[in-house]
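Asks: First, the structure itself, so that you have it in front of you.
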Amino acid sequence: MSKFNTKKTCQYLLCFFVFVYISSLFILNSYFSGSNNDLEFSVSSQNLKKAHQINLIFIVQNIKNPLNNNFFSGYKNLKDSSKTQSYETESIRNMTRHAWKSYRKFAWGSDILRPVTKTGGSLAFGIQGIIPFTIIDAIDTLYVMGLNEEYLQAKNYISKLDESTFDVDISVNFFENVIRLLGGLISIYDLYGNINLKSGMHHSGWKPNLAEIGSNSLEFTRLSKISNDPKYAIAIKKSYNTIQNVLGKDLPIPGLFPQFLNVENAKFDRDMVYSLGANADSFYEYLLKFYLLSKKTDMQTSEMFDEASKSIKKFLIKTSKKNGLMYIPDGEVDNLNTVMQHLTCFAGGMFALSVLSGKSENPKEDTEVAAAITETCFQMYERQEAYKLSPDFVDMESEKLRGNREHNAYEQRPETVESLFYMWKLTADKQYREKAWKIAQSIEKYSKVKFGYTGIKDIYLPLESGNFNNQQDSYFLAETLKYLFLIFNDDDKILNLNEWVFNTECHPFKIE
Ligand SMILES: *[C@@H]1O[C@H](CO)[C@@H](O)[C@H](O)[C@H]1NC(C)=O
């Protein structure tokens, strides 16, 4: 669930990684593209941009085309979901209304709202005021919560986008664009199946350049399914083949991949630095989810996930000496640090989902690991005395789980409530609702401002306006609020996990 940190250094690091990763997949896939012209490519940013535009145009065209109204599934209409009327779901709805209303008032059409200065803002990887991340990221949340009026506002906006919207001269961050924009559009297609987008689109003979999609397997496999065009899914399989058979061949630890690739020789770095945080997280998450999306038929990701799961438990998981809390640090296996990243908190949910879905080979152990990691992530909030909001990196050997290496920012991230959601689904133990409610209340109390919700630069400093990061990220609406709502939702018909799998931006895709 790699998200951009507002801190520049982090952005550059991630940018660098995404660039290296994508470039590598270009090169790797060229080995496998053979004589298939559709898959031929060369490494250039121009191609990347084109591929991205085509993919967005493609999905919009497919959404526009109401070929298959049967995608309208899960539950029949918006009213169904407003039946869930507990005090908690109503509160989360109110939070979402507050965030949305302020975005609409002050930042409509921008990537995000800057809630302190009441202006629109651009995300570093955004498309400067052209494709509004917040609207596309939030629309399925509005739909799922039954916020009819707000949903229609989003839908009307999106229905005015057309090919020219995406035909802009920009460079894009492929990863973030795919999980947020493509993921958001696919999920609303899956939920509703019938967004009537403006017609009259056609595009001029670009051949989609598919090599870079290896790390976006759910989105592109789903795209193949709903568009009846197998080429996206084929490219994904090729990427997984490369990853497993070429790159995975000489790994010192089965199933674990170091976080950086070497573009020169299409190999992983010599430094075997592992992580389930910023640069690697959704790779492992997608092995499991890809298998689930395939209706448990894809044996390749099944195997890769089993290996990864075993090795994570055997080589990476540590227990804090000072606090007795289980966590997953980063580093070489014989030289792991003592840091838990907030991003890594998705792992509790991943292990819980592996048990919940029947995938786990060792359900008892995996349930324990899922529960322990989730508890650690809850404590990352609970032990912060002032605001009970988690910093982005935590030093697990410090007395009170202090922010590590200046990473004291609260970034509105979803991974802890995500894991609480899966643990609640797995166990129906009320403690998970209570913990989620505590986090929701901390958000309400400390990150809410008059017009929206803001991140906090340093959770150990007073909440003055200079200490707000002035950013209401689109994933706050797409993920954090949606997971919170789903934790308190009692209606089985809404996004039942037997029928739906969430991409790494919490956009639900239909399993079929
Ligand atoms: C939600 O907001 C409405 C309108 O402001 C208010 O009347 C209601 O009490 C709120 N509900 C909860 C549970 O906060």
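Keep in mind that glycine also has a Cβ here, set from the backbone N, Cα and C atoms.
The following feature annotations were taken from TrEMBL:
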- THR504: Ca(2+) binding site (BINDING)
- CYS345-CYS377: disulfide bond (DISULFID)
- 12-32: transmembrane segment (TRANSMEM)
Asks: Taking only the Cα atoms, work out how far the residue listed as 'Ca(2+) binding site' lies from CYS377 (disulfide bond), in Å, as a whole number.
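Replies: Their Cα atoms are separated by 18 Å.
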Asks: As a test of the contact definition, list every same-chain residue at least 6 positions from CYS377 (disulfide bond) whose Cβ is closer than 8 Å to its Cβ.
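Replies: CYS377 (disulfide bond) has long-range Cβ partners MET340, HIS342, CYS345, GLY348, SER390, GLU415, THR416, SER419.
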Asks: 10 Å Cβ neighbour count around CYS345 (disulfide bond)?
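Replies: Its Cβ has 31 other Cβ atoms within 10 Å.
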Asks: Using all protein chains in view, find how many other C-beta atoms are within 10 Å of the C-beta of THR504 (Ca(2+) binding site).
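Replies: Summing over all protein chains shown, THR504 (Ca(2+) binding site) has 28 other Cβ atoms within 10 Å.
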